[in-house]
Structures are given as structure tokens and as C-alpha cells.
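Asks: Below you'll find the structure I mean.
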Amino acid sequence: MNLINEKLNNLENNAAKSPKEAVILLNMGGPNSLYEVGVFLKNMFDDPFILTIKNNFMRKMVGKMIINSRIEKSKKIYEKLGGKSPLTPITFALTERLNELDPSRFYTYAMRYTPPYASMVLQDLALKEVESLVFFSMYPQYSSTTTLSSFNDAFNALKSLETFRPKVRVIERFYADKKLNEIILNTILSTLNNRKSQDFVLIFSVHGLPKSIVDAGDTYQQECEHHVSLLKELMQQKNIPFKEVLLSYQSKLGPMKWLEPSTEELIEKHRKSNIIIYPLAFTIDNSETIYELDMQYRLMAERLAIKEYLVCPCLNDSIEFAKFIIERVKNLKE
């Protein structure tokens, strides 16, 4: 009987000690296996924030056509990445580090297009009797296609849990934070590895968007341009000159007009220079950074006989980024 009472007391003590606030890192996700490539594409192209066709039937039809045209190519890409996206395991490692550094909160993550979905994560947090939540967008710049889509999904999932009504706060953008930009600049310098910065063209590559989405009021392009200007100011303050500092857009899909210039276009244009690329719109490495920037465009750079072509890693699960997230959460206003 004493043993049973002791175990019950331990459970009560653990419950009392367990954090009452949870931070959910929100990202797009990526296939956790080759089987999930189809799931990933289906969920992405059924998202009205991605494929902005108001008629549900038409959106599903167009989405199915895109999926059928891309699924085999996408599987080959993920085969080259070891059969899955690196995004989920890196995000898991980041939350492990966050929980070690800040045991006063519980850090977890939810993905938009692949498990773990927001609905699954929120059900778990309801069982943990969490009292407050922070939805932390992992996209530095705001866009309806990423940030708003993730928040909409998370809030809808929360509404479906009728008995779980925690207090919710959000972090929807953080690109203007000087501490973040110092980490980015240090990552660039680390990748240069004592090479002279003035010998390189620095390209900040971000995920592209159809121009029609920006024309409809999305602030993404404006925020990306502002982010680059802030980084240029910081480089000037720290006396770190580059041959040129440019912004480009990658991952164009389909025949419609997208934001320009493209990353490919700038690599071609500066073929006589050394090039270093930083993936400015991504915080966690994924197929667009590892395959597109570091494999596909590296082959292009070799064909163009570019002497040095460097690609910076994302912030990933670095201790600097983890500390930045913790500080942003601590400083979040009520």
C-alpha cells in the first residue's frame, strides 16, 4: 500500500512540476519516408493559401494535375536526401535542445503537410493540461502562404478540441531582430572560413512566390527586401564588405509570373565571381536548401566554371538559434 501511495505521490509531483506553457514550432513539414511524398504534395496543393483557387473542386483538380506531374521527380529528390526530408529530424533535435535549455516550458513542433500535424500535437498538450500556448512560426518573414496557413491550421485544430481552451500567443515574424541577424552573419562568416568576403558575391536566396499573391497584398517580398537591407546595415557596422549583396527567389513552379530575379539567373549573371548563398527564408534545412541550393545549383556552378560556390547551412538546431527562440518567447508581450 505504501508503494502505491509513493507512486501516486510521484505522479502528482511530476504533474505539478511539468511546464504549464508549451511552445509549438510551426513549419511546413516534409516527407518522413518516400511513401509520404504523395501525402506531402496532396496536402500542400490542397491548401487554399498555396493554391489560391477559390473553387474547391477546381483547386483539387489543378492540385491533382500538379501532383501527378511532380511526384516521381520529388521521390527522386528525396531518394538523394536519404529517403526523407531532413526538416523533421532537425526540428526534433532543436526541440530537444530547447527543452534542455529552458525546462520552464515544453517545446514541441507541428507540421502543416506531414505528421505530426497540429491536431495531433494539441491533443497531446491537452492531456498534459497545458494552460498557455505560444505558436512560433519558423518562417522569419510573414507570408499568407506559410505563416498564415500554419496559424490558420493550428487555430482550427485548437477550436475542434472543445474542452481545451489555453491562453494563446503568437510569434509571426522575427526577421528584424538584430540578434537573429548577428547569428546569420556569423553563419556566413563561418561558411567563408577565413576567405575574404570582398572576393564573394553574397546571394540571399528565398522561396519564390507567384507575383499575383504579392499583388493581392502579401507582404513577403517587402519583408524579404527589408531583411536584406537590415543585414547590409549590420555588415557595414561590422566592416564586412562583399563584392555585391543580392536577393533572389528560388523554387519557381508552373508557367505563371513569379517574383524575380531567380537564384539561377543571378548565379548565371555572376558566373565570373565567387558566390556564397544564404537561405534567408528558411530556418531549418530542407529539400530546397540541401538539394536545390547545395546539389542542383552546385552542379550548375561547376558547369559555369565558377571558382568557388558556397552554401550556408540554415540555423537548424544550433545552440545560438535555440537561445534566440527562448529569448523571443520570454520577451513576448501578454
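The backbone N, Cα and C atoms fix where each Cβ goes, glycine too.
Values in this document were obtained by computation on a predicted structure and should not be read as measured data.
Pulled from Swiss-Prot, these are the listed features:
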{"type": "BINDING", "residues": "His207, Glu288", "note": "Fe cation binding site"}
Asks: Including all protein chains displayed, how many Cβ atoms other than that of Glu288 (Fe cation binding site) lie within 10 Å of its Cβ?
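Replies: The Cβ of Glu288 (Fe cation binding site) has 23 Cβ neighbours within 10 Å.
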Asks: Near His207 (Fe cation binding site), how many other Cβ atoms are within 10 Å of its Cβ?
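Replies: So the Cβ neighbour count for His207 (Fe cation binding site) comes to 25.
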Asks: Please report the three-state DSSP label of Glu288 (Fe cation binding site).
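Replies: Looking at the DSSP assignment, Glu288 (Fe cation binding site) belongs to a helix.
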